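Enquirer: I'd like to ask you about the structure that follows.
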Amino acid sequence: MAYDPKAIEPKWQAYWDEHSTFRAQIDPTKPKFYALDMFPYPSGAGLHVGHPMGYTATDILCRYKRMLGFNVLHPMGWDSYGLPAERYAMRTGVHPAITTKRNIETFRGQVKRLGFSYDWSREFATTDPAYVRWTQWIFLKLFERGLAYQAEVAVNWCPAQNTVLANEEVKDGKYVETGDPVVRRLMRQWMLRITHYADRLVDDLDELDWPENVKTMQRNWVGRSEGAEIHLPIAGSRHSVTVFTTRADTLFGVTCCILAPEHALLASIVTPEARATVDTYIERAKTLDDTVRGDAGRKKSGVFTGAYAIHPVSGERLPVWVADYVLAGYGSGAVMAVPAHDGRDHEFARHFGLPIVRVVDDGLNGDITQAAYEGDGLMVNSGFLNGLTVTQAKQAMVTWLEQHGAGRAKVTYRLRDWLFSRQRYWGEPIPVLHLTDGSIVPLPEDALPLLPPELDDYKPAPGGEPPLARAEDWVRTTAPGTDIPAMRETNTMPQWAGSSWYFLRFLDPHNDREFVSKEAEKYWMPVDVYVGGPEHTVLHLLYARFWHKVLYDIGVVSTKEPFRKLFNQGMMLAFSYKDEAGRYYESDQVVERDGKHFSGTVELSRQVEKMSKSRFNVVNPDDVVQEYGADALRLYEMFMGPLEVAKPWQPSGLTGVRRFLERAWRMVCDDNDMPHPLVQDGPDVPEVLLRLRHKTVRTVTEDIEGLRFNTAIARLMEMANVLTHASIRPREVVETFVKLLAPFAPHVAEELWGKLGYDGTLAYAPWPNFDPELALDERQEYVVQVNGKVRHRFHGETGLDAKALAAAAKAEPQVRALLEGRKVMKEIAIPGRLVNFVVGE
Ligand code: ANZ
């Protein structure tokens, strides 16, 4: 008899289920804690060991918070619409509704075997009709407010997937999910006006406790750019071209004006002599996408249009060119080229022999024909701007332009409206009707949900005609309450729709009158901590924030932002083995000899890569649970290293944590699984054990709060070691250990709690307190100097860093007296030794 996870884990999982241990209910007398996992899409491959990394982290937080007295909401569900589910269905030839249901069953079983403290009564899938209804309801709200509209736009068309994609889904001309090439094509599409929210999507980031890199990526995606627009009349015509610039200060350095090949003005200003070359150039530009055109390293090309623009201040004639590095979709699609101070313009001017005029002094007399100077300095060659700084000159120039009707301050954004329709089967149908006169009527709310029709052939069509168009009986209908013929919209929503608001539905998942009750929303929102993979730094988080802000404006949610704290777990990597030809091998056929790896006689190279089926390195959590137990898996994933870094899966680590759990078991139980005789009641806890107890409580508590689970586990291991070797195991100390262990390895902790004589679950047992005095590490003597002279000595905790050491010194009454009335100019703290205060009189 010994520690046996196979027996105790199912037992406790059943107990929690039967007793609804983790059911969350609104309780205004308690502080709430809402912890959210990024819910998975139930792919056919099943869960892999990367998923539980984030889930375990939130579960530790939730279990800890419950023991602290928080009312915890921890839900789980399934993101089941979208391309991945559909692609899987297409591969297997089974209808997506069936495969999705099956995959959800698999996922749920796998997740449940890991013992997470979810409130399963709140589970739903985004494909559930009751959920679809409200996703479509949100669309109607967007439509009502003019935030959803149809437009003929140049879209990202993916020929391999036969669908359009959002800008966010395309990188370097490829669909990020599959790597299939993406081309530009004009199509009539549904768009969401996310651009209306551009400023708020940037500004409201300031109040969030999110990783700085994620905030930066969101800011860059929105790409707010503050500058000016300037109008330049075209010589000899009634037209003028408007350019957008962030450097109005450099207007005197403009030596030409450049339009994007798509610019509408070209048709009216190109001279007859230049027409043929310009047209050829435009045709060629059409084959290139923006990422290629915008690439700074690409050789500049362009042609002269024959037209001239008039400089708004000097009246000089500036040649107008067309060049593909100027993008149609940004600013006004036209630039004033300042070769002296913009790298791309510099290259362009050098290539075509255009003048380069310095207007900002670099203070070094650098050769401006060699390289652009993009830095600060004083204005030169700039008329009324001469002598001003760049910042002053920007302001002065904008004022001049505004006074002369030649331009104004202007903010532009990189963000584009969200392309919201897909030519796919497996998504929420867009709930509107088209009448024969071309008008669009939204479905009434009571006609929702509108589910995709039954279709046998749900494959996308090459022409871009949505598969739903094939369900003719479904498409042909009448306008609500009339017999006016109408056609249903056949585009569907993108896979991002369902995940843009699921965290709100978890609050009140069975409500059939409102998408969430006011009471539930007020009580639970915002999400206190949101944990998920680093791949969601832009798309999902931006879309969810956008929808949330719309819902806020409508008055149905009370917080401006949905996710107060965000944490990205690192990716789970794994070793993979390749031969010279790049073929992958199954890792259990690989043997190691002299530090080299072989399969039979074939020598293989080993690398750390992303887990994927094609690399034969995916680990299924079920296998790990089977061999080591769920508690061991949870502990191992948290012990691998800091949560936020990417780490390779190494089975050897599992043996270590499993041994730790066995040791914990034997600490509490004897060989007959009875309470161990060394576990004794009694008031006299030896000083070392007492200090160890308080110290461990303190550090584990602090580490959980800081999501430093690996160091918390290391402390628990230390505690178990000391206790195991102690001559007695004071009961209170052992119980404390079991409580501290509970968030990490809940099954074994529950079982040991029972062995210690308690009935029922320890899920709500109070988290242990610590006495700060007893929790201090060993102390040491520190010296305090004032202006280099030793003035005081005190005992403080060892290992204080410079900041903490200086603070500890200042907290000493004697030191306070020494510094009284004197100005501290500098504090020099040398960890482990001293603090020196440099003071004036
Ligand atoms: C003149 C100038 C002088 C510029 C100078 C820069 C430096 P961000 O900051 O990214 O917003 N620009 C404007 N519209 C463009 C377009 N459609 N395609 C390509 N480039 C465009 O960039 C703003 C700057 O990018 C603008 O300021 C403009 O060049 C260029 F010393 O105007 B600048």
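Glycine too: its Cβ is placed from the backbone N, Cα and C atoms.
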Enquirer: If TrEMBL is the reference, give me the range from 40-44, 295-299, 610-614 marked as motif ''KMSKS' region'.
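Expert: Within the set 40-44, 295-299, 610-614, TrEMBL attaches motif ''KMSKS' region' to 610-614.
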Enquirer: Please determine whether the domain 'Methionyl/Valyl/Leucyl/Isoleucyl-tRNA synthetase anticodon-binding' (689-795) and the domain 'Leucyl-tRNA synthetase editing' (219-402) are in contact (criterion: at least three Cβ-Cβ distances under 8 Å, sequence separation 6 or more).
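Expert: Counting Cβ pairs under 8 Å, fewer than 3, so no.
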Enquirer: For the motif ''KMSKS' region' (610-614), give me same-chain residues lying six or more residues beyond its boundaries with a C-beta closer than 8 angstroms to one of its C-beta atoms, as numbers and ranges.
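Expert: Sequence-remote neighbours of the motif ''KMSKS' region' (610-614) are 45, 48-50, 571-574, 584, 649.
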Enquirer: Any residues 6+ beyond the ends of the domain 'Aminoacyl-tRNA synthetase class Ia' (607-636) with a Cβ under 8 Å from its own?
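Expert: Residues packing against the domain 'Aminoacyl-tRNA synthetase class Ia' (607-636) from afar: 5-6, 9, 45-52, 56, 59, 110, 113-115, 571-578, 584-587, 648-649, 653-658, 660-661, 713, 744-748.
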Enquirer: Across all chains shown, how many C-beta atoms besides its own are within 10 angstroms of the C-beta of Lys613 (ATP binding site)?
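Expert: Taking all protein chains shown, Lys613 (ATP binding site) has 10 Cβ neighbours within 10 Å.
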Enquirer: Mind checking how the domain 'Aminoacyl-tRNA synthetase class Ia' (607-636) divides into helix, strand and coil residues in DSSP?
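Expert: Once the DSSP states are binned, the domain 'Aminoacyl-tRNA synthetase class Ia' (607-636) shows 18 helix, 4 strand, 8 coil.
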